[in-house]
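Student: Here it is, the structure in full.
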Amino acid sequence: MTKTVRNSAAAAEASFHKHYAAIWGAERWHNSLYPALAERTRQAALVNQYAPRAAFEASIEEACGLQQLEQISFPSSSSPTADSQPSDRIVCFARTRSTDDGSGTPAAATQHAAIPQPQYSGSSGTSQRLMTHWNLDAASALVAHLLDVKPGDNVLDLCAAPGGKSVALLQSMWPQLHADKPLTTTTAKAGHLRSNEFDKARFRRLADNLRAYLPGELLALKHVASLNVDSTGPFAPQQLSVGSAGYDKVLVDAPCSSERHIIHAHLAAKAGGRVAPEMTSWRPGSSKQLAKTQHDLLMTGLRCVRLGGSVLYATCSIEPTENDGVIGKVLASLEKEVKKGGKWAVKVGFNEGAGDVGLEESLERIWAERTKYGWIVLPDHPDGGKWGPLFFAMLTKVEVAR
């Protein structure tokens, strides 16, 4: 590495730290948040309930032992009008956070002991072998849980590749097809999931993953389909349409700056005496162009959802421009449209903007911290879960009163 390249890398790293220290506070950034982001990402196992649970348990037992796993508890709505939901509609396990040194520090959370890789269930002679689980950051499963998908819903996962959140959403859509539940019908009930990805290579990976995790009849009957649509294009709502009524639920997990990936790439390169292009190409204003794309994606999601339907916007960025900033710009855009005669607007927050005290208290205690319009899960949360980063905000499409 030349001196010029080394100096350029050092300058980029210093600029990166200066930028995020200004946002999150220097003390927190240097002593808590950055060190947590620099650790290896902790993963959880999302159980695929369309495959036999015994196959999942066998794969875990062989690799590390079931006693090393604990089920993750997700917060539920406290609204008296909320439909009752089974507590296990999305089932996730993480390695046990035991304390072994008397310090109170969760040992496994700090060490990030790996979750075993997914395996195909059953033997090669069975009619359909499905993957046992999907490894992901539990914050991703959290947002799928919060979208509150129910059987019969029409659901759009707008930026779906590689497919983990789609697989999570699908767990509660056709419970009668779960492998360990008695079948009440031979065909899938109403409801659709459309998983979209514009990038060709990522789209192919998404389609392959859906086939690996879902009963074949859901794909054969077109209840589940992968789409290859440019979600920022002017005709995207028509190309993504599932019917005249629109979708009931939409997830917009937008592409973002992914600062944790930048940090990991930089540290790995630095340890090997190299320079990571992810860090050297980073600029303080890099988020501005991404935020425009994110704005357009969220607007498409809102145009696709029905009146009264929910859109959950999410990113894995810690950059406010890409999080609350995008929500603010969307609200401003919709305000202009309403002034020109637009017939719908949005309310931000759970329970159509009215809030949900019990749910929000649980989120704040275990998972996330509040932002202007939503929430952000960060790996230095006091609970010690080490999940994230993941920002999310819930929006409900409502009719404009004239």
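Cβ coordinates are placed from backbone N, Cα and C, and glycine is handled just like the others.
So TrEMBL lists the following for this protein:
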- 39-398: domain 'SAM-dependent MTase RsmB/NOP-type' (DOMAIN)
- 97-127: region 'Disordered' (REGION)
- 118-127: compositional bias 'Polar residues' (COMPBIAS)
- C159, A160, A161, P162, G163, G164, K165, E197, D230, D253: S-adenosyl-L-methionine binding site (BINDING)
- C316: active site, nucleophile (ACT_SITE)
Student: Restricting to the same chain and to sequence separations of six or more, state which residues have a Cβ under 8 Å from that of C159 (S-adenosyl-L-methionine binding site).
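Tutor: Residues satisfying the criterion: N196, E197, S231, V252, D253, A254, P255, L297.
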Student: Based on DSSP, name the secondary structure state of K165 (S-adenosyl-L-methionine binding site): helix, strand or coil.
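Tutor: Assignment for K165 (S-adenosyl-L-methionine binding site) reads helix.
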Student: Measuring Cα to Cα, tell me the gap between D230 (S-adenosyl-L-methionine binding site) and C316 (active site, nucleophile) in whole angstrom.
Tutor: 21
Student: Looking only at C159, A160, A161, P162, G163, G164, K165, E197, D230, D253, which the record lists for S-adenosyl-L-methionine, tell me the maximum pairwise CA distance in angstrom.
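Tutor: Spelled out: the longest distance between any two Cα atoms in C159, A160, A161, P162, G163, G164, K165, E197, D230, D253 is 20 Å.
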Student: Residues with Cβ closer than 8 Å to the Cβ of the residue listed as 'active site, nucleophile', same chain and 6+ apart in sequence?
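Tutor: The residue listed as 'active site, nucleophile' has long-range Cβ partners C256, S258, R260, G388, P389, L390, F391.
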Student: Give the three-state DSSP assignment (helix, strand or coil) for C159 (S-adenosyl-L-methionine binding site).
Tutor: coil
Student: Grab the pLDDT values for the domain 'SAM-dependent MTase RsmB/NOP-type' (39-398) and give me their mean, rounded.
Tutor: 90
